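Q: So Swiss-Prot lists the following for this protein:
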ACT_SITE  103  active site, proton acceptor
BINDING   26, 27, 28, 29, 81, 82, 83, 84, 94, 95, 96, 97, 121  substrate binding site
């Protein structure tokens, strides 16, 4: 069986050159990117990684990839990350893994952003996947109520144990469901006006290259 995620994830490593500062995304596809980068580092590649989550940080450390915090780098040469959805206008939803705030901060500091996806992540309109909102625990119910007044349905994200999911930053996540984001710019502006929302999962002006792996194993490169 063809592993689309592995194909897309490993393909992105072709953009990595010696001496680069590399943003390391979070998720099941970029997992394979990081595994491949670990092999390349062990074979003599010199890079510095900037992790977008504790999960990625641990994986990179175990593979021997040198790491720095975002505070300790001036800029990032290239960031490789996954996506939950992306449309033909290069607008995406991220944050299914809960790392949206750090992912967006790293993406913003990057000269180039590559997203690695399998073909079902390419959509005509955003919204099949829930849109995550990272909210502070203090008063999160107020955020939920404000959205309800706008007829926006949300679910508080929970772990499989039933406990509330807590991000690496100590925050909660509200997932907007049953919504289509045809005017993503409007949504971005709307959400920015609600106190308590730390960040949202709309990534509108970040990605430069999409590496899409198809079911037959072929790779499609989509560039701006």
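Backbone N, Cα and C atoms are what each Cβ position is placed from, and that goes for glycine too.
Describe the structural surroundings of these features, if you would.
A: According to its DSSP assignment, residue 103 (active site, proton acceptor) is helical.
Sequence-distant contacts of residue 83 (substrate binding site), defined as residues of its own chain at least six apart whose C-beta falls under 8 angstroms from its C-beta, comprise 92, 93, 94, 115, 117, 121, 203, 207.
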Q: Let me check the 10 A CB neighbour count of residue 81 (substrate binding site). How many other CB atoms are there?
A: 31
Q: Out of 26, 28, which has the highest number of nearby Cβ atoms, where nearby means within 10 Å of its Cβ, if these are the binding-site residues?
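A: Counting Cβ neighbours within 10 Å, the top one is 26.
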Q: Which are the residues of the chain, 26, 27, 28, 29, 81, 82, 83, 84, 94, 95, 96, 97, 121 excluded, whose CB is within 8 A of where the CB atoms of the substrate site average out, their centroid?
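A: Close Cβ neighbours, site residues excluded: 25, 30.
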